[in-house]
């Protein structure tokens with residue numbers, strides 16, 4: 001009877017517990033109590049790794065692979081770790097909810113109700129079960145403490161991973177912005193290079209076009225020259241026209257000079273009624289100035305003593321022209337821009353005649369000399385009039401070579417004189433008078449060797465003197481006449 005009652009009570013207790021509790025298995029675990037009231041489940045299967053171990057393992061793997069990951073992969077890994085930590089935290093919460101002290105409390109309530117109903121050995125078993133449950137509650141409390149600690153660590157790790165993820169995103173954005181800036185800079189540099197290349201191409205094309213244009217112009221000029229060579233009559237016509245223009249210009253200049261002289265003469269007649277002589281000729285380079293009497297009662301000029309002078313326009317100081325003692329004087333390049341004056345001495349009386357203005361340069365002579373300066377040497381055809389102060393009987397054509405370093409006089413293959421520019425060399429216009437004075441020069445190659453040379457035209461004579469003085473000046477030598485002042489310009 002007693003046994004039947006015990007079995008009945010056990011069945012009711014089991015049925016009551018079954019109605020209120022859902023266990024993971026259909027039977028209780030077979031626990032054993034060891035020293036210090038520790039419950040041990042025999043033949044326990046290997047436990048799954050705890051949440052802390054999983055997180056530690058994941059963190060270690062992240063730290064090991066951190067050095068080998070790029071910034072983007074590191075950000076992805078941090079995102080994955082954050083998601084894993086969140087998932088593990090949720091699982092911990094679920095375990096806390098499902099495996100918490102709720103089941104144990106319900107079990108305690110059931111066992112307490114059974115304890116009041118049981119007697120004898122069954123009651124002792126129920127009390128033993130209650131003590132076991134209490135031990136389980138204590139162990140569960142310890143587990144809950146560890147779980148809370150793990151939960152706090154998981155939260156800290158989640159915060160750390162979140163911050164690391166944000167830092168990684170920030171780093172990625174910074175790297176991306178830096179990369180974009182470098183790309184833009186590279187694009188700008190490429191654009192500048194392309195622009196410079198296009199400008200260089202345009203410049204090279206323009207230079208090529210200019211070169212082609214110059215070549216075309218040179219070809220046209222060459223064609224014109226060839227055409228002119230095949231039309232000598234036209235060239236002769238142009239030369240005749242130029243000669244006619246020069247003659248007309250000379251006539252006009254003579255007329256203007258004559259008018260100026262008439263005005264000056266009328267003025268001087270009023271001022272000085274005793275003026276016996278005057279200057280005749282163009283007051284320009286390439287002409288000759290003649291002293292002529294104004295009245296028939298004037299003494300013969302050949303019986304008078306004459307001396308020519310140069311006068312600066314801004315002063316009245318006279319500069320002696322050595323050797324110019326005849327009634328005829330041909331101005332040379334030194335006289336350009338200066339007044340020329342002749343002093344006539346008749347016994348105790350002295351008379352002066354002067355140009356009405358400074359000596360004018362010859363038309364076109366400057367450009368002609370500039371063109372000759374580009375050559376290394378220029379040749380002029382001359383006739384030797386005098387040699388070492390004596391008349392030269394031969395009228396053969398000689399060649400007067402004016403070079404950058406020296407001057408040479410030759411006839412065919414015979415060289416009469418060749419000297420480098422030096423302080424002993426002298427060069428000036430012929431000052432001995434005569435009708436050909438405007439075409440002659442005096443040249444002293446060295447001491448004891450001098451020539452008086454006649455050129456084919458006044459233009460060549462003046463060009464030869466200007467060219468030689470320019471080359472000598474480049475060699476720090478001043479070419480002038482005998483006893484001329486060294487300060488005379490060229």
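Cβ atoms here come from the backbone N, Cα and C positions, even for glycine.
Mean pLDDT across the domain 'Stomatal closure-related actin-binding protein actin-binding' (51-93) comes to 65 in this model. Here TrEMBL flags 51-93 as domain 'Stomatal closure-related actin-binding protein actin-binding'.
The domain 'Stomatal closure-related actin-binding protein coiled-coil' annotation in TrEMBL covers 100-263.
Among the features that TrEMBL reports, domain 'Stomatal closure-related actin-binding protein Ig' is placed at 277-374. When DSSP labels each residue, the domain 'Stomatal closure-related actin-binding protein Ig' (277-374) comes out as 15 helix, 39 strand, 44 coil, counted as helix, strand and coil in that order.
Annotation source TrEMBL lists domain 'Stomatal closure-related actin-binding protein PH' at 377-484. Assigned with DSSP, the residues of the domain 'Stomatal closure-related actin-binding protein PH' (377-484) fall into helix, strand and coil as follows: 20 helix, 51 strand, 37 coil.
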